[in-house]
C-alpha cells in the first residue's frame with residue numbers, strides 16, 4: 001500500500017514551528033509520499049530543520065525569480081523510507097528533477113525523466129512563439145518537482161493564481177500548464193503512469209466552488225483542466241471526484257480574511273490526478289486502468305490538526321482569528337497492490353546533497369588561507385597574553401594559564417560566574433586565604449575572571465540585543481500590558497484591564513479577497529496572540545492607565561460612528577480600497593463571516609461607501 005498526501009502549507013517554516021519539528025509535521029500526515037506547496041523558502045533560507053527529517057528524503061524547488069517579492073511559492077516532496085541506500089521501497093524515487101521544462105541548470109547536468117527535450121523556440125497554440133528565456137521565467141518560480149518512483153512519475157505542482165485583468169500573468173499561467181501538458185503527454189506516450197498532485201489554483205466545475213456563478217465553467221483554465229479529465233476525453237482521473245461524483249460542499253481552500261471556513265464557504269483547488277495502466281498486465285487499458293484497479297480511497301483530510309489551537313477558525317466579529325495552520329486542507333490517496341522496485345539509492349538531486357544543507361567542499365587554497373588566519377589569531381592571542389602577564393602580576397598569570405575555554409562556554413550557557421571561579425580557583429584561594437592580602441587577591445581573581453567571561457558571553461548575545469534595539473519601539477499592545485512588578489507592589493492593581501480591540505479600528509488590505517466588488521481588495525491584519533503576556537509595558541503605571549482610558553474613549557466614539565449593516569443591524573467594519581481609481585477610499589461591510597446567501601447567520605453582503613466627512617473623522621481619531 002502507498003499513501004500520497006498533497007498539502008499547501010502556506011509557509012513551511014511556520015508549520016514546522018507549530019508542530020514542534022519537521023518530523024512531527026510529517027508524521028502527523030502519516031503518508032509514504034508527502035507533497036507540500038507554497039513552502040515560501042528561498043535557497044538562502046534552506047536549513048536542516050525545515051528540509052531534513054529522520055526517516056525522510058526530500059526533493060525541493062525554490063523560487064529563482066528576480067522579482068522583488070522575497071520568498072514565495074516553492075514545492076517540496078518528502079518520501080518516507082527505512083533506508084536511503086540499497087532500498088526497494090516505492091516511496092524512494094529512482095530519479096528526481098527540479099522544474100518541468102528540462103532547461104534549468106540542474107536538469108542539464110543529468111538526463112531528464114523520460115528523456116524529455118524541449119526544443120526552443122516553442123510554437124504554442126494561442127501563445128505564438130515562446131522563447132527559451134520566457135520558458136525559464138515560467139520554470140524559475142519553484143512551482144514543480146518531478147520524482148520518478150519506477151511504477152509512476154509524480155508531479156508536485158503549485159499552480160499560479162492570477163487575476164483576469166492581469167494579461168502578463170494570465171499568459172504566464174497558460175504557458176505554465178501548456179508546457180506541463182506536453183511533459184505529461186510525452187511520458188504517457190512512453191507508457192509511463194503519471195500522477196499529478198498539488199494546488200492547481202483551478203476549481204474545474206461549479207460543484208467545486210461555493211459561489212459559482214452562471215458561466216463559471218467557461219473560464220479558460222477551468223475548460224483546460226476539464227479537457228484533461230477522462231469524462232471529457234482526457235487521460236486523467238480526478239481521483240476525488242471520481243470516487244465522490246455527487247458530493248457537494250467538498251472544499252480544500254478557504255479565504256481566511258472573511259472567515260469563510262466558519263460556514264464551509266470555499267473551493268476545491270487541491271487535486272490528485274492519475275493516469276496509466278494497472279499492474280495486472282491485461283490487454284484492455286479501459287477495463288484495467290490504474291484508478292479502478294489500484295485506488296482504494298481518496299479523501300479530504302477535514303479533521304487534520306493544522307495548528308496548536310483546537311478552535312482555529314473562530315471569527316470574532318470581523319476580525320479574523322487567522323488559522324494557525326494553512327488556509328488549505330490536505331488531500332490524500334491510497335493505492336494498493338503496488339509492487340516493490342529493484343534495489344536503488346537516493347537520487348543525487350535529493351536535498352541531502354544540496355550545498356546549502358551539506359556544505360560546500362573547500363578548495364586547497366581556501367583551506368591553507370584559513371590556516372594562515374588561525375596562525376595569525378594565535379600569535380595575536382599570545383601577544384595579548386604577554387601584555388596581560390606583564391601588567392597583571394602573579395595572580396593574573398596564574399588565571400591565564402589555568403583557564404580553559406570550555407569553562408567560559410559553560411558559563412555562557414547559564415552557569416553562575418562565581419561557581420565557575422570557585423571551581424577553577426578553589427585551591428589557589430585557599431592557599432592565599434592565610435596571607436594578609438587575601439581580600440585583594442580574591443577581588444583581583446573575581447574581576448579578571450568576570451571580565452573574560454563577560455566578554456565571551458556578550459559576544460553570544462550581542463545579535464539578540466541588536467535585534468531588540470532595532471525593534472524597541474513600543475507596540476499598541478504594550479500600552480495596555482500590565483507591567484511586571486515586585487511582589488507586594490500594589491500599584492499595578494489599579495490598572496484597568498483593556499477591552500478587546502475594536503475590530504473596526506483597522507484598515508484592512510487583502511489582495512486575495514475575491515468576495516467584494518471589483519477593484520476592491522483588502523487585508524485583515526493578523527490578530528495578536530491574546531495569550532501573549534511577555535510584552536513589557538514601556539510606560540509608567542499612570543501613563544498606562546491614562547492610555548487605556550483614552551483607548552476606551554476612542555473605541556466608544558468609533559462604535560457611535562460605525563454604520564449598521566442592513567441584514568443584522570450590527571456595527572459594520574471599515575476597510576479601504578487597495579488599488580484602482582478609488583485607492584485609499586474607505587468603505588464599510590458586514591462584520592460577520594462569509595457564507596452562503598441562504599444562511600441568515602452569515603455575512604449579509606452589506607456594502608457602503610464612507611462619506612468624505614467620515615473618512616476625515618477617522619483620520620483625526
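Every residue gets a Cβ built from N, Cα and C, even glycine.
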TrEMBL annotation (region 'Disordered') - matching range among 419-457, 458-496, 497-535: 458-496
Between residue 158 (active site) and residue 328 (Mg(2+) binding site), find the distance joining the two CA atoms and give it rounded to the nearest Å. 13
Can you grab the distance from residue 327 (Mg(2+) binding site) over to residue 270 (site 'Important for catalytic activity')? Cα atoms, rounded to a whole Å. 12
Greatest C-beta neighbour count within 10 angstroms, which of the binding-site residues 8, 201: 8
Could you state the whole-number distance in Å separating the C-alpha atoms of residue 328 (Mg(2+) binding site) and residue 270 (site 'Important for catalytic activity')? 8
Chain-internal residues near residue 270 (site 'Important for catalytic activity'), provided their CB is under 8 angstroms and they sit 6+ positions away: 6, 7, 8, 198, 199, 200, 252, 253, 328, 329, 330, 331
Only counting partners 6 or more residues apart, tell me which same-chain residues put their Cβ under 8 Å from the Cβ of residue 38 (Mg(2+) binding site). 8, 9, 10, 11, 72, 73, 74, 75, 158, 199, 326
Considering the recorded positions 199, 327, which residue's Cβ sits among the greatest number of other Cβ atoms within 10 Å? 199
